[in-house]
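The block underneath contains the structure these notes are about, expressed in structure tokens.
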Amino acid sequence: MTTTTTKFRDVEIRAPRGTELTAKSWLTEAPLRMLMNNLDPDVAENPKELVVYGGIGRAARNWECFDKIVDTLKNLETDETLLVQSGKPVGVFKTHKDAPRVLIANSNLVPHWANWEHFNELDAKALAMYGQMTAGSWIYIGSQGIVQGTYETFVEAGRQHYNGDLKGRWVLTAGLGGMGGAQPLAATLAGACSLNIECQQASIDFRLRTRYVDEQATDLDDALARIDRYTKEGKAISIALHGNAAEILPELVRRGVRPDMVTDQTSAHDPLNGYLPVGWTWEEYRERAKTEPEAVVKAAKQSMAKHVQAMLDFQKMGVPTFDYGNNIRQMAKEEGVANAFDFPGFVPAYIRPLFCRGIGPFRWAALSGDPEDIYKTDAKVKELIPDDEHLHHWLDMARERISFQGLPARICWVGLGLRAKLGLAFNEMVRSGELSAPIVIGRDHLDSGSVASPNRETEAMQDGSDAVSDWPLLNALLNTAGGATWVSLHHGGGVGMGFSQHSGVVIVCDGTDEAAARIARVLTNDPATGVMRHADAGYEIAINCAKEQGLHLPMITQ
């Protein structure tokens, strides 16, 4: 079938606010608003090209598909389900009222063909779309979506390496895109200074405007002078520096500069679209990507090799160094850096004990558009979890420092048991009128039971099951059976084609009894799959959690 395929449109998209429906129910209004919110200019990295974040992570395959998704959601009945294939609406089928209203599959390829070369061929023919994680699953909330995970990582690194105190210390990193843009604020909240290298001035401007980064240095000498001053004063200030990390990190090594922590969150997962080769302008990079993609990929990976070698050099100095999930080690290894994996990924180094208890990036958004609805839910979280000072501290910092992007939203790492408790409470707040409109609850695909990614979330599993991807498939199937409002199954998010499979879930709190039943099922089952997955791998923390929570795991708890 021949269709027009427009990827650029000079238009501004914003989700509707308030209580007036544009669809037939809140269960279809919610995905409609969250799709549009993904493309809000205050949220998305390049909304006019449908790019939400992460290189080319899109919300819809092209503008014609976007228009048709919007039209279909507005007219979808309460017992119908829309199927979306790589950003294209392909079918509406009769299901039932407790079934998902939308089922999404993005970027999935048969394993032998699961590489960037084949994907890019399909993308050029308008046959596929890269959905990243929350771009194509319509639950991206801006950089806040990863702030707490990054904060938890920095805090745990501080506990392990610096006796829990990052005051007077600094983090060296790069990348200020939709994901990397969380790093400077997360470091500040954790008590550390940070130097954040970014090759696009527009991305720096975005983070300055949204208060995720505090200030910009004029050059490297100025940046180091600021770092020296602020660390001596014990101030946690974030500094952006315009430049190329593959040039600046080796220069810092040459100078003998010693940060207190080194990581990276450039879009290294996508060498064709997300990592600027040394000596190139961004305009040259984008133009040559169209005409000589193989040469561009080669040049980008050569620069990544220099970047990773510098990170290895910092590690040799004794600096805690870790990968933050962008697959840069893999790219460098393919370019000849044989020991690229000598420094660990952040999940096995700092986060896995949380995953073993089903704890991960629980998030919610206020469909009303009213920030007061989020502040009321913040208070409810504190009320229902009264003894978690760390969580209360996070919520206080988030309210003070995090600017809402698009529809007001909050992220809060909680696990099995508490997710359902909070979801049911939010639903009751909608029912009682305490909240002015329904709430949507979702999460990142980066969660305990929803992803297989051997170079990131499932790196170094103790039983060697890093690459087993049955788990995210089971997670998606169970959330569908449980009655989530929309469920997604993606490939390649975070680390690129061939390196991950993962699933997403969103559920609407509309204040009804039917919603309460769905919430209780979905928000219990979803984190429980994470406990199950880690218990199956032999982690004692997960096994104990499964027993404490009464999970029925036939080979473990029975």
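From the backbone N, Cα and C atoms, a Cβ is placed for every residue, glycine too.
Keep in mind the model is a prediction, meaning the values are calculated, not measured.
Noted in Swiss-Prot for the protein shown:
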BINDING   54-55, Gln132, 178-180, Glu198, 244-245, 265-269, 275-276, Tyr324, Gly494  NAD(+) binding site
ACT_SITE  Cys412  active site
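Around Cys412 (active site), taking its Cβ as the centre, 20 other Cβ atoms fall within 10 Å, counting all chains. In this structure, the CA atom of Glu198 (NAD(+) binding site) is 27 Å away from the CA atom of Cys412 (active site). Closest in space to Cys412 (active site), of the binding-site residues given as Gln265, Ala268, Leu276, is Gln265, taking the CA atom of each residue. According to DSSP, Gly178 (NAD(+) binding site) sits in a coil region rather than a helix or strand.
Taking the Cβ of Leu276 (NAD(+) binding site) as reference, residues of its chain lying under 8 Å away and at least six apart in sequence are, in sequence order, Cys199, Asn244, Trp282, Tyr285, Ala300, Ser303. Residue density at Glu198 (NAD(+) binding site): 29 other Cβ atoms are found within 10 A of its Cβ, drawing on all protein chains shown. DSSP classifies Glu198 (NAD(+) binding site) as strand under the three-state reduction. According to DSSP, Ala268 (NAD(+) binding site) is assigned to coil rather than to any helix or strand.
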